[in-house]
Amino acid sequence: MRAYRVGLTAAVVTAGLAAPATPVVAAEQVAAPPVSSSSTAVGHGGAVATVDATATAVGRDVLRRGGNAVDAAVAAAATLGVTEPFSAGIGGGGFFVYYDARSGRVHTIDGRESAPASTRQDTFVDPATGQPYPFGEARISGLSVGVPGTLLTWEAALRAWGTRSLAESLRPAIRVADKGFAVDATFRQQVRDNAAVFAQFAPTAQLFLPDGRAPEVGSTHRNPDLADTYRLISRRGVNAFYEGPIGADIAATVQRPPVTDTPTRPWPHPIRPGGLTTTDLARYELRFPAPTHSDYRGYDVYGMSTPSSGGTAVGEALNIMERFDLSRTPPAEALSVHLDASALAFADRNAYVGDGTHPRVLRELLSDQYAATRGEFEPGSALPKPTAPGNLAGPYGSGHPAVAATGGEEGKSTTNLTVADRWGNVVEYTLTIEQTGGNAMVVPGRGFLLNNELTDFSFVQQAGAPPDPNLPAPGKRPRSSMSPTIVLNDGKPFLAVGSPGGATIITTVLQILFNRIDRNMPLSEAVAAPRASQRNSNTPAAEPAFIADHESELVALGQPAFHSIAELGAATAIEFQDQRRLVAVAEPTRRGGGSAAVLRPAPDGPYGRLDDQTPAPPT
Ligand code: GLU
């Protein structure tokens, strides 16, 4: 039996015991939902923004049929498991942030993957050489697989705040997996980027490399195995996964990777087994940490606490930025302050934040007093990079050296979605299997990829450096950068935003908040604007348009030159305006463009009021 508590309430919910309330409808009986692909939608009655038009249409349909934001978010996420299988799915984990309109409170679910009991601090050190494995070797192995938390996250969110069963919520995704969807350029490119590793594993090659090649744009991709997996979960609940046949297959895949005898392409590394067991799966538990909180210019910013570093890093950077009146600062100097605040927050994040960081440390990092010690610089004179972490009170840390951000953290994997319903509930949800394509192993006969989340751990303790908070250990969760964020104004939602992008998630979310709040950009512009990512480096990353627009003036202020990266992040967001008007935004172009939808699009004229008497859904 699996029992857990939600937030600080006494609501105990039990997963995986009950049969689904609603039978699964045969796929053929239901038409595929209509698909829209606009990146901004304005209107009333509920909104959905995801990276994918099919998932957005599924979420909108759930809202239209009376479901709430949690119902729509889970149905959309399950659909992304079909249409965005390289970024998210039940083989991975994520962080779910929920604003509950009735109580006015923000809750979080930590469904991050946890390290199996067999994990050691030197799990990612090659015993033959004593050196850490190259990233690619660690990734494409059983060693990198953490116990997935995504399915239990869906179940817990629905039980706590939804109105629909897990079986109902999986139904649209089953339909998409059965009937198929049109492959787009992003899907094809993600397969091409992974073709060499996908070719190593028979079930992966079978699913994603038909005839040995990436599927053509416009061809129909079906995943009947995943449809069957979702159906099995619909019938038997999450225990089919955590304590049943799906879990047994996951453990077998990790322990005996399904390597093909006849790979069509060479792979330069040995493919090592891992130690994840069915007991690890049975023992997996969600956590429900209090959200991080910071006050930014009168807004209450709620984010994800550890094992994500997103909430503390975004919050600390905002606290530092708040020390400057950025709306009156010359634009280039304001941008420079924003980048320096980001560098300072990353220095602290790298030194102090990991799973198990003491709550006092997290509180200190998010305090205005601490921001005052970090924000002692002039807007017109950029900080040298890398900059050192700050000094914490008591035994927790001081005198740490400046260490630059390490590379390899600008991934384009992961996915994010934002949902609001007519009752005012909001979901901001980031989910991932880590790298695009995870560890490249499809569980045979089950139709989903496994994560490589444990490569988010530091592989080794750096010699001479203070203790690394992110070293592997049994049951520990690797530090994440996922930053699902909900901003309240006077207790009511103002903005919800999140993004994929590895460690650049933090800078993308921070930059969107800066663009919207300090630079007063409309949300669609705040999301579309060219991005930079300053993670305490003297070679920060930026998109070409950002470099063209800002590099010379920033360099004149002492900021380092940027290295160019095609794109950073793939955000989604919703803004909550007067008279319950919603502005839902996805990317216009990044990662092929996302999809935003509202239930009732606003007419050109004045916007109508929603009926304030609309009853809340049953919970
Ligand atoms: N594994 C990363 C994290 O948890 C996310 C991967 C990505 O977005 O590229 O921070």
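In case you wondered, yes, glycine gets a Cβ from its N, Cα and C as well.
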- From D71, D126, D456, D518, grab the residue that TrEMBL records in the same L-glutamate site as R112, S480, S481, G502. D456
- Query: For the record in TrEMBL, which of the ranges 216-255, 376-415 is the region 'Disordered' one?
  - Reply: 376-415
- Query: In whole Å, how far is T414 (active site, nucleophile) from S480 (L-glutamate binding site) when you measure between their Cα atoms?
  - Reply: 11
- Same-chain residues six or more away whose CB lies under 8 A from the CB of T414 (active site, nucleophile)? S87, A88, T430, L431, T432, I433, E434, M482, P500, G501, G502, I505
- Which recorded positions of R112, T414, S481 contact ligand 1 in the sense of C-beta under 6 Å? T414, S481
- According to DSSP, which kind of secondary structure is S481 (L-glutamate binding site) found in, if we only use helix, strand and coil? coil
- Item | Largest separation between Cα atoms (Å) of residues that the record links to L-glutamate, namely R112, D456, S480, S481, G502 | 14
- Note on the structure: Same-chain, non-site residues whose Cβ lies within 8 A of the R112, D456, S480, S481, G502 Cβ center for L-glutamate are P307, S308, S309, T432, E434, E453, P478, R479, M482, A503, I505
- Query: Just checking, which of D456, S480, S481 (binding-site residues) has the fewest C-beta atoms within 10 Å of its C-beta?
  - Reply: D456
- Message: Using Cβ atoms only, which residues of the same chain lie under 8 Å from R112 (L-glutamate binding site) while being at least 6 residues apart in sequence?
- Response: G93, G94, F95, G146, G149, R287, P307, S308, D355, E453, R477, P478, S480
